[in-house]
């Protein structure tokens with residue numbers, strides 16, 4: 001029993017990432033299927049026809065083409081504001097509070113899910129109204145701000161020698177919460193509809209906020225306040241906020257231009273570029289995967305998509321949760337080069353799975369895709385750890401220690 005409580009005391013941000021990822025992976029497929037449903041109903045105004053859209057290839061291609069465009073707009077509406085606000089929130093978090101930034105994305109998901117819920121209830125409303133929900137989620141930082149804050153919190157409380165292992169374990173929560181979320185979303189969508197999914201997402205993110213408030217403490221004993229700004233909010237709140245935003249953007253850019261020891265600045269630029277490319281690839285794959293599997297000849301149901309995505313994500317999580325700790329135990333004297341080799345293996349795994357999925361027309365081939373892509377979680381944990389060693393502790397959030405895979 002004492003050992004159990006000892007392990008429990010070590011747990012910090014892992015439940016936050018678990019619940020957030022679970023809600024996120026419930027939201028993504030539900031929202032994409034909601035877009036597809038709205039586009040089809042707008043064109044045909046027939047639920048029966050939309051349920052059997054794969055029987056008419058020409059109509060299916062047209063509806064999916066329009067839906068793909070709206071999914072692109074949704075992605076831009078979420079990710080562009082999310083990227084900008086993540087940098088701003090990140091710099092403020094380095095100076096003021098980690099916990100506040102952790103809670104902001106969940107607040108955005110709650111507000112966005114309320115809007116999605118209303119849009120799913122009024123199913124014949126124009127699909128363009130979904131952009132309001134997307135923008136709301138993006139303004140609150142979305143997954144970018146969440147990952148940055150969580151990884152930075154972990155970097156604050158861990159030693160350099162154990163950081164890669166702890167980040168790997170934390171990252172594995174994505175591959176545990178994700179499958180549960182996707183499998184749940186598929187089953188709930190098929191039996192109870194969109195509204196039930198969004199209600200559960202709201203409940204999960206409310207639990208995250210309560211956990212952060214009641215369980216987590218600020219990791220830094222001494223918080224640094226931007227020069228010239230008092231701890232007491234100025235009576236002119238607009239000026240005070242603008243100065244914070246300006247300071248945040250200035251510090252975000254400054255991280256990449258200040259002189260660093262050796263070639264650290266060059267390496268930081270390189271890893272940031274790789275991270276951006278990874279995010280673009282991840283967003284594109286996520287947007288197209290559900291449409292691809294809904295299209296003939298696969299024509300998967302919502303529950304089949306949920307089960308497949310769950311199994312695929314579990315296969316990605318196992319090498320992180322088990323593989324990395326075992327490797328680091330037997331290679332305790334490893335170098336950064338060893339970490340980079342693991343990251344490259346992960347990238348090869350991602351590329352090979354993406355090539356194969358383009359030629360997959362059967363369940364067996366799709367199963368091979370999931371197996372081949374099982375190492376795709378390595379780049380995120382490893383590159384986040386390496387980036388944390390290139391900057392100062394107060395710059396963890398500002399440099400954006402994330403990689404979406």
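For all residues, glycine too, the Cβ spot is worked out from N, Cα and C.
Among the features that TrEMBL reports, transmembrane segment is placed at 7-28 (among others).
Panel annotation: around the transmembrane segment (70-92), residues 31-32, 35, 39, 101, 104, 127-128, 130-131, 134-135, 137-145, 148-149, 152, 244-245, 247-249, 251-252, 279, 283, 287, 291, 397-398, 400 of the same chain, lying at least six beyond its termini, place a Cβ under 8 Å from a Cβ of the stretch. The transmembrane segment annotation in TrEMBL covers 70-92 (among others).
The transmembrane segment annotation in TrEMBL covers 104-123 (among others).
Among the features that TrEMBL reports, transmembrane segment is placed at 129-155 (among others).
If you look up TrEMBL, you'll see 167-190 (among others) marked as transmembrane segment. Using a Cβ-Cβ cut-off under 8 Å and counting only residues 6 or more beyond its ends in the same chain, the transmembrane segment (167-190) has close neighbours at 13-15, 17-27, 29-30, 33, 150-151, 154-155, 158, 196-197, 200, 301-307, 309-311, 313-314, 316-318, 320-321, 324-325, 377, 380-382, 384-385.
Per TrEMBL, transmembrane segment is recorded for 196-214 (among others).
As annotated by TrEMBL, transmembrane segment applies to 267-293 (among others).
Annotation source TrEMBL lists transmembrane segment at 305-328 (among others).
Here the transmembrane segment (340-359) has long-range neighbours at 281, 285, 289, 292, 324, 327, 365-366, 368-370, 372-379, 382-383, 386, 405, meaning same-chain residues at least 6 beyond its ends whose C-beta is under 8 angstroms from one of its own. Per TrEMBL, the feature transmembrane segment maps to 340-359 (among others).
Annotation comment: TrEMBL describes 365-386 (among others) as transmembrane segment.
Note on the transmembrane segment (196-214): residues 15-16, 19-20, 22-23, 26-27, 30, 99, 102-103, 106-107, 109-110, 113-114, 116-117, 120, 184-185, 188-189 of its chain, located 6 or more positions outside it, place their CB under 8 angstroms from a CB of the stretch.
Segment contact is absent for the transmembrane segment (267-293) and the transmembrane segment (104-123), given fewer than three CB pairs below 8 angstroms at sequence separation of 6 or more. Contact between the transmembrane segment (129-155) and the transmembrane segment (305-328) does not hold: fewer than three of their C-beta pairs are under 8 Å, each pair 6 or more apart in sequence. Residues 102, 105-106, 109, 113, 116, 143, 146-147, 150, 153-154, 157, 169-171, 173-174, 176-182, 184-185, 197-198, 200-201, 204-205, 207-208, 211-212, 216, 286, 309, 313 of the same chain lie 6 or more positions beyond the ends of the transmembrane segment (7-28) yet place their CB under 8 Å from a CB of it.
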